[in-house]
Every structure is written in structure tokens, then in C-alpha cells.
Amino acid sequence: MATIRSLVKDTAVYGLSSIAGRFLNWMLVPMYTRVLSTTAEYGIVTNLYAWTALLLIILTYGMETAFFRYMNKDDDPRSVYSTTLWSLGSTSSLFVLVGLLFIGPISTALGYPDRWDCVAMLIVIVAMDAFMAIPFAYLRYANRPWRFAALKFTFIGLNIGLNLFFLLLCPWLLRVAPSLLDWWYEPSYQVGYIFVSNLIASGIVLLLSLPYCRTGFAFRKDLLRRMLGYAFPILLLGIAGNFNKVADKILFPLILTNRAEADAQLGIYGACFKIAVVMVMCTQAFRYAYEPFIFNKKKGEDERERKAYAEVMKYYIIFTLFVFLGVTAYMDLLKNFVAQSYHGGLAVVPWVMIGEIFFGIYFNISTWYKVTDRTYWGAIFSLLGCLITVLIIVWGVPRYGFMACAWASVVSNGTMMLASYAVGRHYYRVPYQLGNAGLYALLSIAFFSAMQGIEYVFSYRPVWAMLLNTIFLLLFLLVFVYRDLDPSLLPSRLSRSLPRFNNRKR
């Protein structure tokens with residue numbers, strides 16, 4: 001279990017920056033939904049940041065995963081790092097140049113001709129983040145999670161601080177001491193200040209990451225060609241996979257004929273989606289630790305490592321189902337993170353979380369095509385999922401509104417998960433504990449149904465509802481502790497204090 005313990009440790013550190021970071025940014029949502037004048041303004045923010053996520057995948061073009069692969073495979077890791085930096089640095093610079101030259105047509109195509117300045121800032125932000133992906137990947141490869149976390153928290157602190165400054169402090173100062181700000185601060189520029197904050201924070205972190213980019217000029221064309229060959233299917237996978245995640249926020253305003261109403265509805269959906277982002281945080285933290293974990297293993301088929309992958313899957317499923325039930329149990333509390341005018345979208349939260357659980361399982365299962373260099377299968381699965389997502393959204397949004405977007409996530413990610421498992425059994429069989437997963441899934445369905453019933457019966461007594469829901473959470477936790485928790489994952493002093501662990505076979 002040493003490999004699992006190592007993964008748990010790395011997940012905890014990387015999760016400190018990714019989960020805590022997303023949580024702190026999540027805390028901005030209450031401010032956005034209360035400070036921005038309309039839900040449509042938050043819809044604009046949601047739409048533009050969805051484009052940011054997709055563009056970031058395109059600009060990194062699979063080189064992050066290729067970097068991990070070739071750092072462990074090539075005889076000269078230093079040249080791998082240098083070649084990757086030069087490649088992403090060149091393409092990111094070209095992206096900024098072309099984007100700013102054609103900022104007018106691009107802004108019009110996105111539907112925001114009057115917000116060209118926000119689009120321009122978005123272009124620069126994406127380029128900086130794409131380049132910084134490799135220094136951050138190097139810190140993960142070099143097993144320096146604390147420096148990774150320090151840089152991440154620097155960005156988070158700056159971004160949050162600047163948002164608070166522009167959206168809360170400046171309006172207050174404008175009322176009490178207008179002469180300090182009225183010569184430069186524009187109160188109606190609220191959406192713009194969100195992007196200004198991000199731009200400044202990204203620029204400072206880029207400067208702080210430059211010391212990790214001193215590798216010399218070791219650019220190898222032959223290496224880059226091989227890395228691009230490995231990365232291209234991952235690029236297709238990334239585009240399709242991430243389009244699955246942001247297609248709802250990109251396509252929604254394009255499908256509905258009334259753009260103002262579409263932005264308003266997208267704002268409601270985007271705000272409620274943020275409540276479910278806790279599941280996204282868990283999946284991201286897992287991904288940060290798991291990708292170096294699988295590539296750092298010895299070459300060849302090692303049955304012990306396959307069993308380790310199965311153990312990781314077991315704990316991932318149990319943990320994410322527990323989080324799912326936790327969010328459901330305390331929805332009466334969590335819904336207050338968004339303004340009441342956004343509560344009409346709360347029904348999407350469980351569906352979004354289920355879709356994210358399916359994606360995390362798919363990511364875990366997809367170990368087989370990464371370690372066997374059959375990454376083209378990942379592209380096939382993602383394209384399949386992308387097609388399903390688009391079809392459901394295009395068909396469903398005019399009929400069911402943003403609920404169709406949440407359903408699309410479940411069906412798309414679920415299909416990719418099942419397809420990857422079915423094909424992977426022929427190339428790299430992993431002894432996943434399907435019966436165990438099914439047991440916890442059925443238990444979660446039963447507890448979720450009970451919580452929904454409690455919510456209905458005690459709709460006017462939310463405190464009582466949350467107390468009763470807590471009982472189901474504790475029951476789920478007890479089943480895990482006494483059935484599946486391995487004592488080696490606990491501190492030795494704690495495991496020795498529990499008699500049941502002392503009698504359990506390891």
C-alpha cells in the first residue's frame with residue numbers, strides 16, 4: 001500500500017492548492033451574484049471563462065501529458081523541458097499577436113462587440129496560463145508540491161484581493177471619498193474589473209515562475225516531432241473532453257434566439273453550477289497527483305501496479321459519492337452562496353455532480369491507453385462524448401432550458417466511462433472491484449432518495465432536514481470505515497487504537 005499512501009500524500013498537497021484555491025475563488029460567487037447588476041452580467045462572465053477553458057487546452061495542445069511521458073522516457077530530461085518551454089512560448093506569443101490584431105471581428109463573433117476589451121484581456125490571460133502549464137508540470141514532476149502550491153496560492157490571493165478591491169472597496173471609497181477614485185474608477189465597469197484582476201494576478205505569477213524556466217536553449221526538433229505525435233491525440237481528447245465540460249456555457253447563448261435572456265439564464269445556471277464545483281475540485285486534485293503517479297511506475301506490465309490502480313479507483317468512487325451526499329445533505333445551507341434570484345437553477349446541482357463523478361472514473365479507467373501509448377483511443381472516446389453532448393444540448397435546451405445541459409454531462413461522461421472500460425479490458429486489464437462500486441452506488445442512491453424525501457417533508461424546517469441528512473452521511477461513513485478502509489492509510493497510532501483494524505487482514 002506504499003504506492004497508495006504516496007498518492008494520498010500528493011493528492012493532499014496538490015489538493016491544498018487546487019481544492020482550497022477553487023474554494024476561495026468559489027467564495028467570490030456570492031459577491032458576483034450580489035454585486036453584478038443583473039444575472040445577464042454573470043452570464044457574460046460564465047460564457048467568456050468557458051471559452052478560456054477551451055482555448056487553454058488548444059494552446060497547451062497535449063504537451064503537458066507528453067512532458068510527463070518523455071521526462072521519464074528520454075535520456076535527456078533537461079532537453080525535454082527546454083524543448084517544451086520553447087514550443088509553448090512560441091505558440092502562446094503568436095496567439096496573442098493574432099488575437100489582438102483581429103480583436104474586433106473576434107469580439108463580434110463571440111457576441112460581445114461592446115466588450116472587446118474583456119476579450120482582449122482574456123486572450124492575454126489564456127496565453128500566459130498556457131505557457132505556465134509547463135513550469136507547473138515540472139514542479140509536479142520534480143515532486144515539489146509545496147512550491148507548486150505556493151505559486152497557486154499567490155495567484156489565488158492576488159485574484160481574490162483584486163476582485164475585492166475593485167468590486168467592494170472601490171465603490172465604498174467612491175461614496176465616502178470620491179475625489180480619490182472618480183478620476184479613474186468606473187462603477188459600471190464591473191465585468192471588466194473581473195478580467196482586470198485575473199490579468200494582473202496571472203502576470204505576477206508568470207514573473208514568479210520565470211526562475212523555473214532557466215533551462216538554456218536546448219531545442220530538439222526530433223524530440224518535438226515525437227512529442228507532438230504523442231500529444232496530438234491528447235489534444236483532440238482535450239478539446240473534445242473539455243468541450244464536453246464547457247459546451248453548455250458556450251452553446252447555450254447561441255441556441256436561444258434572445259441573447260439578453262440567454263445571458264440571464266446562463267448566469268443562473270453558471271452560478272448554481274458553482275455549487276457543484278466541489279466535485280470538480282476533487283477530480284482535479286486527483287488528476288494532479290494521479291498523472292505523475294502512473295507515469296513514474298516501472299516499464300512493463302506489473303500486476304501489483306494494476307492492483308494499485310484498482311485500489312485507487314475504489315477509494316475515488318467512495319470519496320466522491322460521500323461528497324455527493326454531503327452537498328445534497330446541506331443544500332439548504334449551500335444555496336445561500338448565491339443570491340436568491342439564482343435559486344431557480346438549484347435542480348442542476350445533483351446532475352452536474354453525477355456527471356463529474358463519471359468523468360473522474362473515466363479518467364481513472366483511461367490509465368490503460370496512456371501507459372500502452374494508445375492515446376488515439378482517448379480521442380475517439382472524447383469525440384464520442386462531445387457528439388453526445390452537442391446533440392443533447394441542441395435538442396434539449398429549446399425544450400427544457402439549462403436542465404438539458406446538466407443531463408448532457410451525465411449521459412456524455414457515462415458513455416465515455418463505459419466505452420473506455422469495455423475497450424481497455426482487451427489491452428490492459430485492471431482488476432477493478434465492480435461489485436464493491438455497485439454496492440456504494442446503490443447505497444448512495446438510497447440515501448439520496450431519502451434525503452430528497454426529508455427535504456420535501458421538512459421544507460419549512462431546514463435545520464431538522466440537515467440534522468436527519470447528517471445521520472445518513474454518518475451511516476455511509478461507517479460502512480466505509482468498517483468495510484473498506486485500509487488501516488495502512490491511517491496513522492499507525494490511530495489504526496492501533498481501533499480493535500477492528502487489528503483483526504483485519506491486510
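Each residue, glycine too, has its Cβ placed from N, Cα and C.
The transmembrane segment feature in TrEMBL is assigned to 12-29, 49-71, 83-107, 119-141, 153-174, 194-215, 227-246, 266-290, 342-363, 375-395, 401-422, 463-482 (among others).
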Sort out the residues at least 6 away from either end of the transmembrane segment (153-174), same chain, that have Cβ-Cβ distances under 8 Å to it, and list them.
17, 20-21, 24-25, 27-28, 31-32, 35, 180-182, 185, 187, 190, 193-194, 196-198, 200-202, 204-205, 208
I'd like to know if the transmembrane segment (119-141) touches the transmembrane segment (194-215) in this structure, counting it as a touch only when three or more C-beta pairs sit under 8 Å and are separated by 6 or more positions.
yes
Which bits of the chain, at least 6 residues beyond where the transmembrane segment (119-141) starts or stops, bring a Cβ under 8 A of a Cβ in it?
14, 48, 51-52, 55-56, 59-60, 63-64, 67-68, 71, 81, 84-85, 88-89, 91-93, 95-96, 99-100, 103, 106-107, 110, 112, 147-148, 151-152, 192, 195-196, 198-199, 202-203, 205-206, 209, 212-213, 288, 291-292
With Cβ-Cβ distances below 8 Å as the criterion, list the same-chain residues six or more beyond the ends of the transmembrane segment (49-71) that contact it, or say none.
77, 80-81, 84, 87-88, 91-92, 95, 110, 122, 125-127, 129-130, 133-134, 137-138, 140-141, 223, 226-228, 230-235, 237-239, 242-243, 245-246, 249-250, 291-292, 295, 370
Are the transmembrane segment (342-363) and the transmembrane segment (83-107) close enough to be called in contact, which here means at least 3 C-beta pairs under 8 A that are separated by 6 or more residues?
no
